[in-house]
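Colleague: Please see the structure below; I have some questions.
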């Protein structure tokens, strides 16, 4: 395939044009008085948002060379969002400033590799400075401040997120769901909740509520399919002699085996319920083992040399209470050892640290939360679908920021911590172009505060100059126009968000500065193409070979 190439200064300028196009669209949303962006959708109403990564994901430039620059900055926002869940606009603004200042230095004759070394050394020094001055989140009030700030100063969202995390803790699961009812509410689930319910409505014990409630039941855990009555009979006889009730978690129970259990329930001879085991494939056995630890039982599986016809009461799990509905199962106060449960949680945390796939990370986080006994559900309702999407984005950003604050602590917000950390760069001894790399970082870290001030209607340069002279932790509150202690204003940022924004921006910017050649597929003119606005290159009759079937 033929390729189109650009070199040296021209290549870097095209990349910078793409960086600026994306960053200019995103940075107007920064700060408490940032504006929204309206994004067209080919189907349905447009999306209104001030979430940086949501805007960045929608941007695709026509010029393929400039588009590469835009995609690199999009990677900055995406990486920051994936790691910290917030701070995407700050990361984008930092990346733009680093690229602008860095390319100016390269045009002046600086060696890009030495600039890169200086930038990396400066970022490392700033991260050490954040560690020195970070504070811990002290109580729900601090958490609410962080959450409110991330939700664009919506105190109601901040309070709800703080209440949710305050109850379930950093390891707990907080899910965000759409609600048909206008407003915002949070509910909590005690114990372990699974998404699977009973296999048959004949298993309910309360016909009004259509739920099966069991006290001190025996619980059989297996990853096998059960269809024959003979397979279950040994377990039923054991539980019957013990005078108990039985809950079966299995891959499936069907045919005569299910019919027998249903008949026993209908006639009142033996109470039991069947729930499909959680998870799929290899994850099913892992999640069953989680349940076994929580319930103090064993998973009956042929892989472990165990069979259903030789089950003992000691291999069955126990709990104080289990409630099963058509779609969910809640288990409270399992009989498992606290020591073993904590050991299992630690094992899952180690797996989470190694996991790279986002789906695996979410699954592990959910499993940790189940064993920790903490699940909260935030339900979000709005008048219109457009408002609902915008509100959901703010709740998710708020939740991510609050989690980050619990994980690594907080620093002064509103761009103050970044600007005032510049004092750490004074102690960094570098020479030549590496020293210029340090100064590039010094100038770039003032940009978030400058744009927060500009978006609020103030002189950005004047605000930066004044905050640089204030005592550490004192800054500019763009919401009110006041100068003072940022913690007192309730303007605090998670260290994790600030750190990830700086690291992601510096990583991409340093690589971009060392670029000398751009290579794209050559665009082929197709004058016979039908123009259909809104469909990119294909709409204009410009087709790349990779788009041709």
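Numbers run from 1 along the shown chain.
Keep in mind that glycine also has a Cβ here, set from the backbone N, Cα and C atoms.
Note that this is a predicted model, so its numbers are computed, not measured.
Taken from Swiss-Prot, the feature ATP binding site covers 29, 30, 31, 32, 86, 87, 88, 89, 90, 414, 477, 478, 479, 493.
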Colleague: Name, in the order they occur in the sequence, the residues of the same chain whose CB lies under 8 A from the CB of residue 86 (ATP binding site) and which sit 6 or more residues away.
Modeller: 80, 150, 397, 400, 401, 404, 494, 497
Colleague: If you pair up every Cα among 29, 30, 31, 32, 86, 87, 88, 89, 90, 414, 477, 478, 479, 493, the residues annotated as binding ATP, what's the maximum separation in angstrom, rounded to an integer?
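Modeller: Maximum Cα-Cα distance: 20 Å.
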Colleague: Quick check: in three-state DSSP terms, what is residue 477 (ATP binding site)?
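Modeller: DSSP call for residue 477 (ATP binding site): strand.
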Colleague: I want to verify one value. Collapsing DSSP to three states, which class is residue 86 (ATP binding site)?
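Modeller: Going by the DSSP assignment, residue 86 (ATP binding site) belongs to neither helix nor strand, so it counts as coil.
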